[in-house]
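Swiss-Prot annotations:
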- 1-304: region 'Formyltransferase ArnAFT' (REGION)
- 86, 87, 88, 114, 136, 137, 138, 139, 140: (6R)-10-formyltetrahydrofolate binding site (BINDING)
- 104: active site, proton donor (ACT_SITE)
- 140: site 'Raises pKa of active site His' (SITE)
- 314-660: region 'Dehydrogenase ArnADH' (REGION)
- 347, 368, 369: NAD(+) binding site (BINDING)
- 393, 398, 432-433, 460, 492, 526-535, 613: UDP-alpha-D-glucuronate binding site (BINDING)
- 434: active site, proton acceptor (ACT_SITE)
- 619: active site, proton donor (ACT_SITE)
């Protein structure tokens, strides 16, 4: 049976050997060039392919149409992937009539995504395994063909567990590959409600936070022990690596990070103490804990820190333009909850952020971005991260004031983008789900979906096209001038402080706010073109948590990425949204203050939005990038969001002149 193989690492080598032993004909192997910054302790797929006389390739982008065509010419009957590090596009997967299969280093559906070997140790698991599954468009989500469990011993570290998994993988492939060859396999669908997903790990993720328990820190040490980069901490500005450790049941009132003793080298943790058995100062040699203490100049009572002392002195400065808006005020709240951010904000009002005005790490100026250009340029230069959140983002304005939409959403934001390029500042830019336009894909994918809009005489697309062009400009600045950026695309975020009822009165609000106003005033809920258009509604708390993780940017995983932030499980039509909102309204304790429900009324979009409007039938995000880059999943059910949003707005209504 002819196959094409995508492979890397030890698992790639053993997968190739297993295929050859099972009588498969390998037409070509696709692998990666080795990263010079990565310690290559594993076998070389390229070398193995060369020794076996098999053509081998390492393209930067195997999903490029030219490579898809070359693979098609090989006419593979089946495709295998063994620890290949890039997602393989659906066009390639569809080339093999017998399907495509991937070997994954966990017991799926648990630990989908990157680095499952390390993550299971970080999380203190006692069992993992290997899974062979059918490949589908979503990473690690296809039906399971075979699994083998592997016990994790208390003394296992990453390399010993790696060897166990390799042994299990050989067994699994020896048992399963002949069955695939003869078409004799039983596939079991994964249980999506049990799925967990983890992102890529980088060396920077392995710092030891001493306020955590000793067992948690010990698991971190196990997860990244040699030949991985190692867990680390600091004495002042001196970095040191912990290669092996033990949990010590030492009851101490010492502050976390304090040295309890130097022989053995014992460090107080949030719970218990961690004994550093072996370690390394800077780029030096590995030594036992007591010698490491001497090398680092530690004595009883010394304090360790999780980051260099010089870095700990200054908070990250975040500039939020449009800080009083829906996203801006919720993001400010999330940032100020931590102690390492200084927030600078500009907006034309302050009603939503009044609760922060006396906060010592919040600095606000009331003003217009089109007027305060000098203030903005100065603060772009001063701050570390810039979020230009100012935009007109209500559909009725796209047809009512298209030029104003263009001037604010495009021209003013382009100026800010250029400031970020000039001063080499990181920009986190709010793209929009609107850029996908009338895309027909089931899931809108950041990297593959086409962006399709209507004709020029439909001005409702001016917002979408303005945002899309800014996305492309930012991307080009990143490619050509090194701009550090992330684009995020919110999908119908909802929650308290989304617009206000006064904005809804003039039609300049998002859907749920307009519907709430109809209930408050006793006017009919208008269903535009019947309200059958479907959207995926996302709780503001889920959205802000994802945005916060983009700002945190662990391991720089978000750099140069486009990230959809939405909840594909919360899909509903506007009509269904109205019905859910009505049911919540009827049960609300303040219901008796408001008029009777006036019913639903179907209206044409042209009579509501005006000439030049087009709607979109569905808008469902792929959140593959959010899972990969942020280790993020939305958690909050749509009904909970509706209840809380409704409650917030009803409690803003002046009830003094309402009948009780």
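Here the Cβ of each residue, glycine as well, is placed from N, Cα and C on the backbone.
Feature map: Swiss-Prot annotations on the structure.
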residue : record                                      : DSSP (3 states)
86      : (6R)-10-formyltetrahydrofolate binding site : coil
104     : active site, proton donor                   : strand
136     : (6R)-10-formyltetrahydrofolate binding site : coil
368     : NAD(+) binding site                         : coil
393     : UDP-alpha-D-glucuronate binding site        : coil
433     : UDP-alpha-D-glucuronate binding site        : helix
535     : UDP-alpha-D-glucuronate binding site        : strand
Tertiary neighbours of residue 88 ((6R)-10-formyltetrahydrofolate binding site) (same chain, Cβ under 8 Å, six or more apart): 6, 62, 63, 79, 81, 100, 135
Cα proximity to residue 138 ((6R)-10-formyltetrahydrofolate binding site), best match among recorded positions 104, 347, 368, 393, 529: 104
Per-region confidence, the region 'Formyltransferase ArnAFT' (1-304) (mean pLDDT, whole number): 95
Residue among the recorded positions 86, 104, 138, 526, 619 whose Cβ has the most other Cβ atoms within 10 Å: 104
Least buried by Cβ count (within 10 Å) of the binding-site residues 532, 535: 532
Binding-site residues near residue 619 (active site, proton donor), in sequence order, restricted to 140, 532, 535 and a 10 Å Cα cut-off: 535
Where residue 347 (NAD(+) binding site) falls in three-state DSSP terms: strand
Rounded Cα-Cα span from residue 434 (active site, proton acceptor) to residue 532 (UDP-alpha-D-glucuronate binding site), Å: 18
Secondary-structure category, per DSSP, in which residue 526 (UDP-alpha-D-glucuronate binding site) falls: strand
347, 368, 369 excluded, remaining Cβ within 8 Å of their centroid (NAD(+)): 321, 322, 346, 348, 367, 370, 371, 372, 390
Candidate recorded positions 86, 104, 140, 529, 535, pick with smallest Cα gap to residue 347 (NAD(+) binding site): 535
Number of other Cβ atoms within 10 Å of the Cβ of residue 369 (NAD(+) binding site) across all protein chains: 20
Rounded Cα-Cα span from residue 86 ((6R)-10-formyltetrahydrofolate binding site) to residue 369 (NAD(+) binding site), Å: 41
Which listed residue (347, 529) has most other Cβ within 10 Å, given these are binding-site residues: 347
Residues satisfying Cβ distance under 8 Å from residue 393 (UDP-alpha-D-glucuronate binding site), sequence separation of at least 6: 409, 432, 463
